[in-house]
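Single-structure report; data block below.
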Amino acid sequence: MRARMILQDGSVWEGLAFGAEGEAYGDVVFNTGMTGYQEILTDPSYCGQIVAMTYPLIGNYGINEQDLESRQPHLRGFIVKEWAEHPSNWRSVSNLHAFLLERGVVGLSGADTRSLVRHLRERGTMKGVITTLEMPLSYYLDRLQEEDLLARDLVAEVTTGEPFSVGAGTRRVVALDCGIKAGILDELTARSCEVVVVGAHTSAEEIFAWKPDGVFLSNGPGDPQDVPEIVETVKALIGKVPLFGICLGHQLIALACGARIERMKYGHRGTNHPVKELATGRCAITSQNHGFVVNAASLADTELEITHLNLNDGTVEGLRHRNHPCFSVQFHPEARPGPIDSRGLFDSFVQLIDKHKEGQPLPELQLRFD
Ligand SMILES: NC(=O)CC[C@H](N)C(=O)O
């Protein structure tokens, strides 16, 4: 069956339907990872987006039960050049098409993903629709102009309803769940943390009632400026408890400290983004998934300093607070999927918690990659 990808600017890519049939609207982005499709499908940060994979063959190791980052896919649609009908892997229990079909994700295969990605790189991320229906182009172009086509508070769609806890240990971390990935919870619980995961709209008072030794601010979908109430919560946490933020969590810390956030032309989504640690000059290859970024110039009037920079485009990749136990990174040290060079940042967080617990003055943070 024919399927089409129609962008807001009127351009169209044709291919074949795979996964579920129907229509899926979203912001169209691309990911350059050669593998990791299952983590990408289930990473809540992709909520509201249509993801095109640049690597031409996707699905060749099937679908397994271990690589899920959350229980279900959150992206709206998935575009590949070719999907593997006959996957081969000892852990595989299904294939990509069946997985998308069961979970209602509309897919497009056989499309010229190379020209689509070049188009997005030149013109920037924009809205689009994947459709298997034969409605006229004008119908879709009208719908894509509608202001409120895409939901804005995407965090509300992916956050937990009820608090729950995972792991056990000597440190209690409250994780503010804006769409937290399983990989992050695994890194924290592997370091003797009992993690209490609470909804993104939990107030600072409620967070303090859990008596946390540290608070983690998670990754998540959408524009952080669309969730000002969470920024207020972060403001109330800074200086009271050790804080670590990843991706959306990093952007929320920046906003809470008075910095600005801006939309990137087409974002960073992939598993080979080089990041420089300014303290040592070392470089790590990192996993990334973001479309917004901290404006570097706006940090001048804040108490934040830059700890990491992206070596491709010089954008801000890490921050620390000058006066309080609080740091954050734009990339994904949990590396699911991706290289594990920067996993040591989770060790930095537990060290920060331990020093703070002992009542020691603010330690010299070792934001080292390992
Ligand atoms: N992975 C994330 O947390 C993404 C953060 C934010 N939604 C962005 O696109 O920049």
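Residue 1 is the first one shown; counting continues down the chain.
Cβ coordinates come from backbone N, Cα and C, glycine included.
Per TrEMBL, L-glutamine is bound by GLY220, GLY222, LEU248, GLN251, ASN289, GLY291, PHE292; the candidate from SER11, SER45 named for the same site is SER45. Among the active-site residues listed (CYS247, HIS332, GLU334), CYS247 have a CB atom closer than 6 Å to some atom of ligand 1, in sequence order. The Cβ of HIS332 (active site) lies under 8 Å from the Cβ of LYS181, GLY183, ASN219, ILE246, CYS247, THR286, SER287, GLN288, ASN289, GLY338, each on the same chain and at least six residues away in sequence. Long-range C-beta contacts of GLU334 (active site), restricted to its own chain and to partners at least six residues apart, with a cutoff below 8 Å, comprise LYS181, GLY183, ILE184, ASP186, GLU187, ILE246, SER287, ARG343, PHE346. If you draw a 10 Å sphere around the CB of CYS247 (active site, nucleophile), it holds 27 other CB atoms from the protein chains shown. Across the range of the domain 'Carbamoyl-phosphate synthase small subunit N-terminal' (1-131), the DSSP-based residue counts are 27 helix, 48 strand, 56 coil.
In this structure, HIS332 (active site) is part of a beta strand by DSSP.
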